[in-house]
Structures are given as structure tokens and as C-alpha cells.
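Before any comments, here is the structure.
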Amino acid sequence: MSTQPELPLNESPLLAETPSRGGRTRARPVASWREHHGWSASASLRRLMSRPVGTLLTVAVMAIALALPLTFYLLLGNVQKMGEALGQNQTVSMFLQPSQGGSAAQLVAKKLRDRPDVAAVTVKTPQQGMDELAKMQGFSGALHTLEDNPLPFVLEVLPAQGVSADGVERLVTDMRGMSGVDQVQDSGTWRQRLEALLGVGQRAVLILAVLLALAVLLVVGNTIRVDIASRSEEIGVLMLVGASRAFVRRPYLYAGIWYGLFSGVLAAGFAVLVELSLADPVARLGHAYAGKLQIDVLPPWLLASVPVAAAVLGWLGARLVSAWQLRKAA
Amino acid sequence: MIRFDQVSKRYEGGHEALSQLSFEVASGEMAFVTGHSGAGKSTLLKLLGLIERPSHGVITLEGQHLGKIGRSGIPKLRRRIGMVFQDHRLLMDRTVFANVELPLMIGGMAPPERSKRVRAALEKVGLLAYERQLPATLSAGEQQRVGIARAIVAKPMLLIADEPTGNLDPTLAVEIMGLFAEFQQVGTTVLVASHDLPLIKRMRKRVVVLDHGRLVADVAAQEVL
């Protein structure tokens, strides 16, 4: 060889005998471990950035899969809140015929109070009803034009605690059969239906979230699998020069984490967009319900935890696939 | 240093690459393994790097029984062996420097010391000026020298090379073999598989001759004519 090192052989850092044979410096296992993590994280990020279109497509697919359950959760939360705003208690309203006066109303109220399945009865006079209406926006002007009070006596009946839905239904039927009764409105029935429906919705969101999390796992896994397959030569070389499986795997795990993190951030962004686009229509709806309604936004902790959870999913997908792929390579 | 004791290797499908091979290589010795193609030269080297496992027999390296090294112990063993391949096995998307740096990175050496060692190794093979280049821009002989720099950068106790001059013209081949001899001079045990008999004779080192997986001759360095 024509080129000789400038240092004498025995002083050259290459050939001098030191205890660190094999290139291993045992004094700094943590530092080198940390260094390789840093290297793996940045190298895998550079690799993703070197093919932006493919990376973006993968991230977008994952983000949509994550945004779907998030959006459904948002909608569900709002429907639930709407239901709560519209009927706080399961009261049954009994409208008496306009001909019925105060004494008749008190008589009916007493009959109802005597029943074991009734907890309380409130009698609302026509004047009270009028006052309530007057408080509502837009009505006061119209009410002034009325000569008489057209409102009937109304009895708000609160069923006793522990009375079943069937029991309430029997009570309503009995109430309808009483004399001087014009109409009985059971707000409980539709609330029960809404609640049952929301229960179905919640379960559906949960199932959807699990399925779509699985989809995210599969998308990440397959992307990493293709990546590993296309780099089998590199992996072979690394193993020949003494890389442990953990060392070889590390950049791929970081790639999974990056995919998850980016798609999680994008999904949270999607969800916020949906929120913003819903805010206006819900506000208008809220107006119609006397300002009781406001959009129920996703809590910040949930939005923040989406990228974290997605990163964990990405890592898991990469971990599962790489364990299997590398065993094949070895 | 290296001890083969009644080692046989039968591949799946029944082909017996090595049969009842016994020989020893002393620490700091340099030896050639030769024979026609299919004689078992590559298999012998693969057994040392645990790329393959023997079917029978015992191989010890520095007193360590290789058969007792489990899957998880293989990386550690390979870090103590420098391997050079005929097709050099470089990572074509990384610079010359990064390729040579790999074993040190895997070994966990600190970056400043790593650079020093990589530069020293590249200087040794005469390629310091090419450290920023990609291997594809180098000639076949230069690529092989990068492979050698990678093999020796971590100061392995054993350097093994499988047909390292197979793709090179005679002048380059002599240069490469000269490099191996230099590493032996500073205490590394060197084992080179080659079928290039004229070149081997020129080197005047011990020659182990295989034929159909059997040891047919073991010529000491002084006896090589």
C-alpha cells in the first residue's frame, strides 16, 4: 500500500492496542444508547421527508381513520347536551281544558298527589304561564296584543323516584282518563328514547374507534413492512457488522412513531375544523332554544392525547411488523 | 485463536460442504484457505462469523465455544471479527465515512473518538480523501478498500476475508493482499479465503487447502514456494 499513516503504526489511533477492542466503550452505554435513539429519530424523519408524497398519503389515511371516531364523539356529545338542555327532569305536563278553573285544578292536583307513584305536583296558573312566555325573547310584544289570557291551567307532575318507565306510562294513561283534561305531554318518553339512542351511539363510537385504531395499526404496519423489505440489504449488512436486532429495528420504530404523531396532529386538526364548522349552526339552534345551547367542544386533553395515542399505535404497528420481518431476515 | 475440531457442515438438501475438518490458527497468524470453488472455503468463514452453524464438531474462538453462543450473542461475537466480502457489502446510500463508521456506531463509541478512528482506518487504506463520497463513485478496488477499512476500524481480534480480490485486476489484488499482511504485522489474526494460487504463493503465508470439504494439505509459511 502506497499511502502510509502519518503516525507511526504503534501510535496510530487505529492500531494502538487499547482495552476498547471491538469498538466497544463500556463506560458510556447510556450515552451511546441515547445517541443512537437521537440518530434513529432524526434519520427516520429524514427518510420520511425524502419521499414526501408517499409519507403524506400514509399520514392522511391514518389521520382520516383517527378523525372519524373523534368527529362522531363530538357530534354525540352535542346531541347529548342538547337533550339535557331540553328536558332536565322527567316531568309530565297536564294541560287542563280552558273551561277548568283554579279550584278544579287544585282538585285534580290533590287526586294526583294522593297517588304513590307521584312525587310532586305543581299547579301553574294561566298568569304564571303568561309570565313565563313573556320572559322568552320575541314574545312579549305579541302577548300585549292579546285581550284575554288564552292559556289553560297546567299541572307539572313529577313521578316518584324509582318508578319505572312502564309505571310512568300507566300514570300518563290514568292522567289522560281524568275529567277536565285536555292534553298530557310526557317529556320522559322521548328523553328515554334519546338516551337509549345515545347509548347505542356511544357503543357505536367505541366500536368504530377500536376498528379504526386497528386500521391505523395495519396502515403503519404495512408501510413499515414495505420499508423494511426494500432495505433488506442494508439490514443484512448491519447484522453482519454486529448490529443487534434492537439497533436495526430502532429507526423503523421511530418511523412508526413519526407516522402516528403526524397523523394524530392532523386528525386533531380535522376535528377542530369540524367543530368550527358546527359552531355557527349550533349557535343558531341555540337561539331558537332561548340561548340554552352552545357547541360542546372537544376538551383540550382529548385533542392533545390523540397524537400521543396515535404515536403509541404507530410504534406498536412498527414493533409488531419489524419483529416478524427481522426474524425472517436473520 | 481459532480451533476447528472434527467440524462438518451439511446444508439442507444433503450437500456436505465441510466434513470432519480439524485445524488450528494461532493468535496473530495469517493463513489462506484455498481450493476449487465449492471446496468449502466460504462455509468455513461463515461458520466463524456464525452466519452458519456447523452440523457436527466444535469451533472455538479465543477459547470460546461458538456452539454455546445463542442468537442474542451473535452481534457481540461479530463485533470482535472484521469481515470482508467479495462484493464488499457497502451501504450505497451512505458516504464512505458513514460506512466505515458503522461498526463503531454499533459498538457505542463516542463521536469524537469515532471520527478519529474512521479517519485513521481510511488513511490506512489510502482513501481519506474520499470520505465524503458515496461508494458508487469509487472504483471496484477502492470500494473493496472501504470494505476493509470498515472491517478493521473496530480493531477486531480476527479479520476474515472471503475472496477479497475476486473482482479485482492482479495489481489491485496484490495491493489488497498487502494490506491484509500489514494488519497481521500489528497483531491481528487474518484468515483469507481465495482461489488465486499464484497470488497466495507470492504472499508466503500458511496455506490450508480444502477439497470437497476435506482438508487435503496444510502448508506452513516457510514451505510455500
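Every residue gets a Cβ built from N, Cα and C, even glycine.
Automated prediction, rather than curation, is the source of TrEMBL annotations.
TrEMBL lists A:1-29 with the feature region 'Disordered'. Per TrEMBL, the feature transmembrane segment maps to A:53-76, A:204-224, A:252-278, A:298-318. Look at TrEMBL and you will find A:92-184 tagged as domain 'FtsX extracellular'. Feature annotation from TrEMBL assigns domain 'ABC3 transporter permease C-terminal' to A:207-328.
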Please work out which recorded stretch in A:53-76, A:204-224, A:298-318 has the most C-beta pairs separated by under 8 angstroms from the transmembrane segment (A:252-278)?
A:298-318
Residues of the same chain, at least six outside the transmembrane segment (A:298-318), with any C-beta under 8 angstroms of its C-beta?
62, 66, 70, 73-74, 77, 213, 216-221, 224, 252-253, 255-261, 263-265, 267-268, 271-272, 275
Tell me the residue counts in helix, strand and coil for the domain 'FtsX extracellular' (A:92-184), as DSSP assigns them.
39 helix, 22 strand, 32 coil
Tally of helix, strand and coil residues over the domain 'ABC3 transporter permease C-terminal' (A:207-328) according to DSSP?
106 helix, 0 strand, 16 coil
